[in-house]
Every structure is written in structure tokens, then in C-alpha cells.
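Since the structure comes first, as C-alpha cells, the remarks are kept for the end.
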Amino acid sequence: MSWQQSLTDDRARQIRELVSAASAADGVAPVGDQVLRALAHDRTRHLVAVEDDGAGSRVRGYLNLAPADDDAPPMAEVVVHPDARRRGTGSAMIRAALAEGGPQTRVWAHGNLVAARATAEALGLTAVRELLQMQRPLADLPPQTTAQRVRFATYSGPHDDAEVLRVNNAAFSWHPEQGGWTDADIAERRGEPWFDPAGFFLAFDEDTGALLGFHWTKVHSESLGEVYVVGVDPAAQGRGLGAALTLLGLHHLESRLTGDGRVADVMLYVEADNTAAVKTYRRLGFDIVNTDVAYAAVAPTDV
């Protein structure tokens with residue numbers, strides 16, 4: 001195993017293939033999208049475990065370590081090839097991440113699978129954060145709602161970014177990943193193959209022209225869409241914008257993905273301790289289908 005600050009194109013390709021193999025075997029992606037985006041950059045550390053099979057080296061394990069950022073601790077995500085498991089590779093990589101990032105480092109277990117729970121217990125790690133994946137069919141949606149003195153539009157280009165950033169960073173000031181965005185965060189996502197301005201909805205105050213909230217949708221496949229981000233300016237809370245924007249995006253995804261008798265679902269992620277949001281999404285017909293858990297050697301109250 002070795003730490004690397006940047007990856008060659010070939011190494012990044014091998015890691016993507018590793019992630020695909022693990023996803024197929026486990027039924028859940030072992031790392032988040034932000035890790036895949038980070039493969040082309042040097043903003044995180046890359047721990048790579050390779051095996052020489054005589055025909056060349058193959059990546060058998062990979063860990064991404066994102067450094068601490070303001071109040072957010074270091075974040076680690078790890079994946080081991082299905083054919084290379086039960087050899088201690090994952091445990092060794094996690095130990096290396098804890099040594100590199102410190103005891104407050106969070107190690108994500110996507111899906112919190114049995115093997116991940118056993119590894120966490122063996123390493124003496126404690127669950128410190130839970131992220132719920134909720135899902136519902138894109139059928140029989142609740143009717144769309146409106147909000148008074150609000151104009152809805154779709155994203156029209158980078159000149160909208162300043163207002164999107166203002167609302168996003170106000171709405172998610174508490175969030176370790178979603179808060180503190182810059183122009184680069186939007187530009188990077190705008191360059192992703194899935195980006196579609198027609199699925200990026202904005203709500204403006206009719207009187208002042210200020211952005212009040214937004215709903216960014218994402219299409220993963222012909223059968224799965226996502227409520228990617230819903231953000232409402234805290235100063236505009238209480239006007240029904242969250243529900244109106246969410247339903248606007250859901251109906252857009254239904255129209256895009258369920259034509260010609262096709263069947264599709266929509267999913268989202270929400271913090272488990274955000275009970276108000278969880279209740280809201282349950283009222284909209286979402287159910288919990290998966291849980292991602294962050295483990296750490298030190299509980300938050302001890303940091």
C-alpha cells in the first residue's frame with residue numbers, strides 16, 4: 001500500500017473499475033460521487049493497494065482521505081475488490097487512514113453491510129453519523145403546490161451561481177459537505193455528464209428578484225432519478241418553498257423517466273438526525289431503503 005497525492009489516468013481507471021466490481025457484488029456503491037470526482041484532482045490523499053499477478057499490477061484496494069475542512073473532520077471512504085477480501089486489506093487501509101488523519105477521522109460504510117460493521121467493531125470504531133437513503137416510485141405523486149409571490153424558473157447559466165451559492169451556504173451552514181460551497185463546486189458538477197439545466201429549478205421572489213430556494217435534480221439511469229439538493233434560504237422559511245420545489249422536481253423526473261409506460265424510482269439522501277426532513281419526505285411517500293454510517297475512533301463529544 002502507498003499514499004499518493006495524485007493519480008495517473010490509468011490508475012484512476014483501475015480504481016473506477018474496482019468501484020464498479022464492488023458495487024455489482026454488494027448491491028451498493030462503496031464510495032460516494034465526490035470520491036470519483038476527486039480521482040482527477042490532488043485535493044485528497046489516495047491510498048492504493050496493488051497486487052502483481054505476473055501480467056502487471058492490479059488495484060485490489062483503494063481508500064480516499066479528504067482532509068479536515070473548517071469544522072469538518074477528515075473523511076475516509078474505502079473499497080476492496082470482492083476477490084481480494086478477507087485478507088485484512090480493508091482493516092489495514094483504515095488503520096493507515098486513522099494514523100494519517102488522526103482519531104477524529106470519519107470512515108464511511110456505505111450501506112453499513114455486515115462485513116463493514118464487523119470491521120468497525122474489530123477496530124474499536126463507533127458509529128457517529130448516519131445518512132439515510134430514501135426512495136419512492138415515480139408514480140402517483142402528490143399534486144404540485146404553489147407559493148405566493150414566487151416565480152419558478154430553471155437554471156440559465158453561471159450568472160445564477162452567485163445566488164445559488166448564497167442560498168446553499170446559508171441553508172447548509174451546518175453541513176460538513178454541502179456547506180461552504182464555492183464557484184468551483186458548481187462548475188465541477190456543471191461539467192458532469194448527468195448535469196441538465198432543465199432539471200435545476202430556482203424559486204425567485206417576485207418583488208425583489210432574490211433567489212429564495214432551489215431544487216437540483218439528478219438522473220442516474222433510465223429508471224432512477226434523485227432529489228440531489230433542495231435548499232431554501234433560512235430567511236424564506238415558512239412560505240412552503242421546500243415542498244413546492246421538491247414536488248416541482250419530482251414531477252419533472254416523472255415526466256422525464258416514466259414515459260411510454262416505463263417504471264422509475266426517485267431517491268434522496270438525508271441526515272438521520274434531521275427528523276423534520278425525514279418526516280417531510282415520509283409524507284411525500286419516501287421510505288428508507290439504505291443507511292450509510294460514518295465510524296470514528298473518537299466520538300464527537302470527545303473531539
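Cβ coordinates are placed from backbone N, Cα and C, and glycine is handled just like the others.
Record features (Swiss-Prot):
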- Val78, Val79, Val80, Arg86, Arg87, Gly88, Thr89, Gly90, Ser91: acetyl-CoA 1 binding site (BINDING)
- Val230, Gly231, Val232, Asn274, Thr275, Ala276, Ala277, Val278, Lys279: acetyl-CoA 2 binding site (BINDING)
- 150-303: domain 'N-acetyltransferase' (DOMAIN)
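Cα separation, Val232 (acetyl-CoA 2 binding site) to Ser91 (acetyl-CoA 1 binding site), rounded: 40 Å. DSSP assigns Lys279 (acetyl-CoA 2 binding site) to a helix. For the binding-site residues Arg87, Lys279, the ranking by surrounding Cβ atoms (within 10 Å, all protein chains) places Arg87 first. Spatially close to Val230 (acetyl-CoA 2 binding site) yet at least six residues away along the chain are Gly213, Phe214, His215, Trp216, Gly242, Leu245, Thr246, Gly249, judged by Cβ distances under 8 angstroms. The 10 Å shell around the Cβ of Val80 (acetyl-CoA 1 binding site) contains 25 further Cβ atoms across the protein chains shown. Taking each of the binding-site residues Thr89, Ser91, Thr275 in turn and counting other Cβ atoms within 10 Å of its Cβ gives the largest count for Thr89. The two recorded residues, Val78 (acetyl-CoA 1 binding site) and Thr275 (acetyl-CoA 2 binding site), have Cα atoms 28 Å apart. Among the residues Val230, Gly231, Val232, Asn274, Thr275, Ala276, Ala277, Val278, Lys279 said to bind acetyl-CoA 2, no two Cα atoms are farther apart than 17 Å. Highest local Cβ density among the binding-site residues Val78, Val232, Ala277 belongs to Val78, counted as other Cβ atoms within 10 Å over all protein chains shown. Ala277 (acetyl-CoA 2 binding site) sits 34 Å from Ser91 (acetyl-CoA 1 binding site), taking the Cα positions as reference. Per-residue confidence over the domain 'N-acetyltransferase' (150-303) averages out at a pLDDT of 94. In this entry, acetyl-CoA 1 is bound by Val78, Val79, Val80, Arg86, Arg87, Gly88, Thr89, Gly90, Ser91, whose most widely separated C-alpha atoms sit 15 angstrom apart.
Report note: the acetyl-CoA 1 site is defined by Val78, Val79, Val80, Arg86, Arg87, Gly88, Thr89, Gly90, Ser91, and the residues of the same chain whose CB lies within 8 Å of the CB centroid of those residues, excluding them, are Ala49, Gly61, Ala84, Arg85, Ala92, Met93, Thr119. It is 33 Å from the Cα atom of Ser91 (acetyl-CoA 1 binding site) to that of Thr275 (acetyl-CoA 2 binding site). Nearest in space to Thr275 (acetyl-CoA 2 binding site), taking C-alpha to C-alpha distance over the binding-site residues Val80, Arg87, Thr89, is Val80.
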